[in-house]
Structures are given as C-alpha cells and as structure tokens.
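Engineer: Structure incoming, see below.
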Amino acid sequence: MRLGSPAVTTGGGDWLGAFLSRVGCGPGATPPCRVDFLALHYYGACDAQSLYDFLNAWSRPYPGLPIWLTEFSCPKLSSAGTVAANLAFMRTALPGLGAAVPALERYAWFASRTYSNAGSETGYENCTLFNASGRGQAALTVLGRTYAAM
C-alpha cells in the first residue's frame, strides 16, 4: 500500500514542507522516504497555466515524489466560480495536464456532487459532476459529461 502526504491546498505549502522534512522527505531526501506521493488540492486561479505552475512548483523540490491532485475546480466561492468558468477551466486544463506536469500521477475533480443543507447554497453547485434528479437518481451535469468524455 502506498502512503500519501496530507493533502493541502494553495495556502498550505509551509506546513506541508515542514511536515515532509520531519518525516525524512525534505528537498533532496533520498529513499526510503516515508511518503510515496504528494497529495495536493488546487483552488487557485481558474486557468490551466496557474494550475500547471502550482503543481510544478511542488515537483521541483521533491523530484522523486509523484503528485496526486486530489481536488481541483473553481467553486462558487468567488465570482469566477460559474458553471461556464468551470467548463472552460476543465476543457483547457485537462487535455494538457499530464504533459505539462510530468510528476502528476492521478487527479480528481471536486466536487463530484452537490451538498444539500436544507436547500441552501454551499459554493459547490457550479462545479459538480452530478446532481440528484427529481426521482433521487444521480444525473451527470454538463461538467460531468465533459469530464467523463475526456
């Protein structure tokens, strides 16, 4: 079984760097390292190059560790988090992701589904891959259909 690092997002770099150093995986460390891959979340600017730059910035000091991008999207927590912005981000970022970030081993879009809290918005409505239909069946959104086709 492989062991991933704790997953941090764009603001957690200092903490994760300190953690990796404490477990013997700091920059330039040689195997055996107690972490098999870096787990990262990305919620920065919703454009492909910013995503690529963020991931590559992590791969440079840790060249022996693959990257798992365990969450990324443009939540509705800012004005950029529209369905159209998420669709554009997905269509531009995904096709070149592997080539632009050679250390990338896995990735997963966030959020896969809506989160309901008595009908209130949570900020994730515009980046979901599927929603519940009126009969309780899951239905792919336009983002879900696009993601599945890529």
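Each Cβ is built from the backbone N, Cα and C atoms, and glycine gets one as well.
The model shown is predicted, which means the values in this text are computed figures rather than measured ones.
What TrEMBL records for this protein is below:
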DOMAIN    1-147  domain 'Asl1-like glycosyl hydrolase catalytic'
Engineer: I'd like to know the mean pLDDT over the domain 'Asl1-like glycosyl hydrolase catalytic' (1-147).
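Structural biologist: Summing pLDDT over the domain 'Asl1-like glycosyl hydrolase catalytic' (1-147) and dividing by its length gives 85.
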Engineer: Count the residues of the domain 'Asl1-like glycosyl hydrolase catalytic' (1-147) that DSSP assigns to helix (H, G, I), to strand (E, B) and to coil, and report the three numbers in that order.
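Structural biologist: Final tally across the stretch: 49 helix, 27 strand, 71 coil.
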